[in-house]
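Now, the feature entries from TrEMBL:
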type: COMPBIAS; residues: 444-460; note: compositional bias 'Basic and acidic residues'
type: COMPBIAS; residues: 552-583; note: compositional bias 'Basic and acidic residues'
type: DOMAIN; residues: 2-30; note: domain 'DEAD-box RNA helicase Q'
type: DOMAIN; residues: 34-205; note: domain 'Helicase ATP-binding'
type: DOMAIN; residues: 225-377; note: domain 'Helicase C-terminal'
type: REGION; residues: 444-468; note: region 'Disordered'
type: REGION; residues: 546-583; note: region 'Disordered'
type: MOTIF; residues: 2-30; note: motif 'Q motif'
Amino acid sequence: MKTFEELGVAPQIIRAITEMGYESPMPVQEEVIPYLLGESNEVIALAQTGTGKTAAFGLPILQQIRIDQVQPQAVVLCPTRELCLQIADDLNDYSKYIDHLKVLPVYGGSSIDSQIRALRRGVHVIVATPGRLIDLINRKTADLQAVRNVILDEADEMLNMGFSESIDEILSHVPKTRNMLLFSATMPSEIAKITKKYMRNPHEIIIGKKNEGAKNVRHLYYMVNAKDKYLVLKRLADYNPNIYGIVFCRTKKETQEIADLLIKDGYNADSLHGDLSQAQRDYVMQKFRLRNIQLLVATDVAARGLDVDDLTHVINYGLPDDVESYTHRSGRTGRAGKTGTSVAIIHLKEKSKIKAIEKNISKTFEQGAIPSGKQICEKQLFSFIDKLEKVSVNEEEIQDLLPSIYRKLDWLDKEDIIKRLISNEFNRLIEYYQIAGEIEMPQEGKRNRENNAWDRESRGSGKGTGRASEKGYARLFINLGKKDGIGPQNIIGLLNDNVQGRKIGIGKIDLLKNFSFFEVHEADRNRVIQGLVGVKAFGQRLAVELAQPSPSDDRKQKIERSQKSDRPRDFKKKYKDDRKRKS
């Protein structure tokens with residue numbers, strides 16, 4: 001492996017990147033930098049996001065700037081405001097020890113007047129989103145006649161966002177003798193058209209294979225029934241206590257709904273989609289970069305150009321329509337040599353998409369096993385213990401408090417203190433997973449129990465219990481079911497939010513299609529009914545009452561046999577009657 005010095009990088013730039021933590025060139029840098037330091041060299045570089053592309057084009061471009069010529073000599077085009085700011089920040093860091101070199105980010109959503117003033121004062125490098133740069137060109141404030149290098153970063157994303165005509169317009173204002181450098185994670189046909197139209201015998205550098213997924217990313221899929229998708233997402237979040245990732249959804253509506261559910265269930269989450277204002281988007285992104293948000297729920301469009309390091313997970317809440325989008329999604333984790341996990345939560349109909357993606361990215365998906373409640377509680381417990389072990393103790397700060405604390409806890413031994421500490425931290429989680437039960441995997445060729453002719457909800461009257469309640473518990477009926485999109489956690493949430501007084505003892509929860517049953521301690525029965533009746537939730541007023549006994553199991557079985565045997569007899573009789581009429 002070569003050093004940056006051996007690649008020809010200037011000493012003042014090496015000094016800056018060494019302070020930033022750069023030790024040796026990454027593969028894309030080792031390939032691209034020496035080539036760009038030559039004269040009149042055009043490059044197409046295919047590499048995943050997070051592989052060091054910015055330094056690969058940034059270091060040689062900065063090194064070629066003529067400081068005494070104070071006008072734009074390089075233009076970097078990128079798809080989003082966030083990426084524009086990130087690249088500009090990186091270029092400023094790389095050029096820290098190059099006196100008087102000026103880099104200007106220009107993008108929509110901020111004051112164009114301040115950008116015009118900066119251009120008039122003079123800049124050497126413009127990092128821009130296409131729309132704002134065209135606006136500045138039309139105002140005669142961005143003069144690109146001295147530009148020697150044009151860089152298209154995340155070119156495939158720009159084309160996906162419809163910037164093809166804007167790129168054409170910008171390139172018509174730069175000299176034909178300029179170099180063009182194109183960086184992309186995938187190689188769709190549109191990019192081939194750009195290279196043919198605007199580039200002169202470009203040198204193609206491929207890190208990995210075309211459209212290949214990132215090497216350090218593990219790809220998993222979980223096959224679930226559609227109604228269980230959110231419950232699986234919740235389990236994956238609970239099973240990975242230190243998760244820091246993006247949950248990709250297909251629509252703005254779904255994005256907001258999933259984010260709202262996560263927030264309601266106590267996760268540090270937020271949404272990123274097209275309905276947010278620029279100020280809201282900036283606020284969410286800042287929180288995410290600072291890790292005040294663990295799970296960012298986003299649409300593909302809103303997340304384009306999002307540049308965040310150290311993501312542990314990318315979760316596909318359903319797969320995108322094209323392989324390129326999956327490649328971009330999964331490439332946001334496993335960056336800069338670190339490992340990451342890309343998860344797809346899918347239903348049976350999406351299994352064929354997994355095969356298509358595997359073929360295209362040259363990676364194999366593992367089918368994940370949905371974590372059990374016991375596994376989740378154990379994982380959370382040991383994560384808590386690990387954090388407890390790493391807590392630094394400031395003896396001086398707590399010294400005066402210790403005698404009082406020791407006296408207060410004197411009646412407890414070590415074992416009691418540990419039990420109470422764990423119970424205080426995990427009782428709610430443990431209770432939830434005791435009630436939740438396990439999530440059933442969908443099976444091909446089998447009818448879902450909800451669709452069976454003999455559905456549990458058709459047994460007896462709607463408010464029949466279907467079974468006796470556990471001893472000491474009262475079994476209650478509620479007019480919410482799976483069709484309302486609820487899970488056990490929603491029943492528990494309704495109780496916590498609306499029933500006053502002491503903690504409620506909750507037993508079995510049975511979710512049916514149109515309504516559900518749940519058990520509470522007999523002593524809490526009236527308090528629960530009074531607290532929930534009439535409350536508006538999930539678009540309706542709640543009806544809650546004591547469940548009525550159903551017919552006996554023997555009677556049900558007779559009814560079922562009767563219903564099953566009646567159908568064939570009716571069909572045979574009708575068939576014979578039809579034959580007689582025809583003859």
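Quick reminder: no glycine exception, Cβ is built from N, Cα and C everywhere.
Long-range neighbours of the motif 'Q motif' (2-30) within the same chain, counting only residues 6 or more positions beyond its ends whose Cβ lies under 8 Å from a Cβ of the stretch, are 37, 45, 47, 51-53, 55-56, 59-60, 62-63, 93-98, 205, 207, 336-337. Taken as a whole, the motif 'Q motif' (2-30) shows an average pLDDT of 91 in this prediction. Helix, strand and coil content of the domain 'DEAD-box RNA helicase Q' (2-30), in residues and according to DSSP, is 17 helix, 0 strand, 12 coil.
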